[in-house]
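Pulled from Swiss-Prot:
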BINDING   G17, P18, M19, F20, A21, G22, K23, T24  ATP binding site
ACT_SITE  E92  active site, proton acceptor
BINDING   F121, L166, I167, L168, A169, G170  substrate binding site
BINDING   C146, C149, C179, C182  Zn(2+) binding site
Amino acid sequence: MSLIRKLKPGTISLVLGPMFAGKTTFLIHCINMLERLEKKVVFIKSTKNTRDKTIQTHSGIQLRPNQCKIIESAQLSDVGSLTDTHAVVIDEAHFFDDLIRCRTWADEKKIIILAGLNASFEQKMFQPIVRIFPYCNWVKYIGRTCMKCNRHNACFNVRKNADKTLILAGGSELYITCCNNCLKK
């Protein structure tokens, strides 16, 4: 079934995976498809994500200026009215403690597309993802190759430093992804 058939009004789609797997690239692809269908899209970015001021992937792919409305917020409850919006796209969904708010938008017949990490650097699922998961109509897992051995599927996010803060935004300067074999080494 094609992706566009899965993105229906009133549905919640969730894309999970480790860092550097292409989740934001997938979201940009969805936005491009929705734009071709003349849907009004709102992209919500967490203020906890201090990595970039633009909507950009780790590989440098960016949303075009004015491609969709971009809202930066600490909580989804602060976003305000989305009455003229067809689709809500949320990157780094695990950053939003009130991610369950997406159910209300789905009840308003909006297309909801979420992307987030499969687990923290401690290999534990983020609670916002756990709470929204039962309400998702479609879930996609995107993997990547281990950054240590380049042989196996990496599903673990590993922090390079000893900082124990749960939310610490960063890229390859702070994190790598690795497979189960390399995690145990």
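Indices start at 1 and increase along the chain as displayed.
Placed from the backbone N, Cα and C atoms, the Cβ positions cover glycine too.
Where Swiss-Prot records a feature, it is marked here on the structure.
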{"residue": "K23", "record": "ATP binding site", "Cβ contacts under 8 Å, 6 or more apart": "V15, L16, G17, D91, A115, G116, I142"}
{"residue": "E92", "record": "active site, proton acceptor", "Cβ contacts under 8 Å, 6 or more apart": "K45, S46, K48, N49, A115, G116, L117"}
{"residue": "F121", "record": "substrate binding site", "Cβ contacts under 8 Å, 6 or more apart": "N157, V158, R159, Y175"}
{"residue": "C146", "record": "Zn(2+) binding site", "Cβ contacts under 8 Å, 6 or more apart": "H152, N153, A154, T177, C178, C179, N181, C182"}
{"residue": "C149", "record": "Zn(2+) binding site", "Cβ contacts under 8 Å, 6 or more apart": "C178, C179, N181, C182"}
{"residue": "L166", "record": "substrate binding site", "Cβ contacts under 8 Å, 6 or more apart": "S120, E122"}
{"residue": "I167", "record": "substrate binding site", "Cβ contacts under 8 Å, 6 or more apart": "K48, F95"}
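In this structure the C-alpha atoms belonging to F20 (ATP binding site) and A169 (substrate binding site) are separated by 13 Å. Of all the binding-site residues listed here (P18, M19, A21, G22, T24), M19 has the Cα closest to the Cα of A169 (substrate binding site).
Candidate binding-site residues: M19, A21, A169, C182. Fewest other C-beta atoms within 10 angstroms, A169. In the shown protein chains, 25 other C-beta atoms lie within 10 A of the C-beta of P18 (ATP binding site). DSSP gives C182 (Zn(2+) binding site) a helix state. Counting other Cβ atoms within 10 Å of each Cβ, the binding-site residues G17, G22 show the lowest value at G22. According to DSSP, G22 (ATP binding site) sits in a coil region rather than a helix or strand. Other residues of the same chain near the Zn(2+) site, with their Cβ within 8 Å of the Cβ centroid of C146, C149, C179, C182, are T145, M147, K148, N150, R151, H152, A154, C178, N180, N181, L183.
Residue density at C179 (Zn(2+) binding site): 21 other Cβ atoms are found within 10 A of its Cβ, drawing on all protein chains shown.
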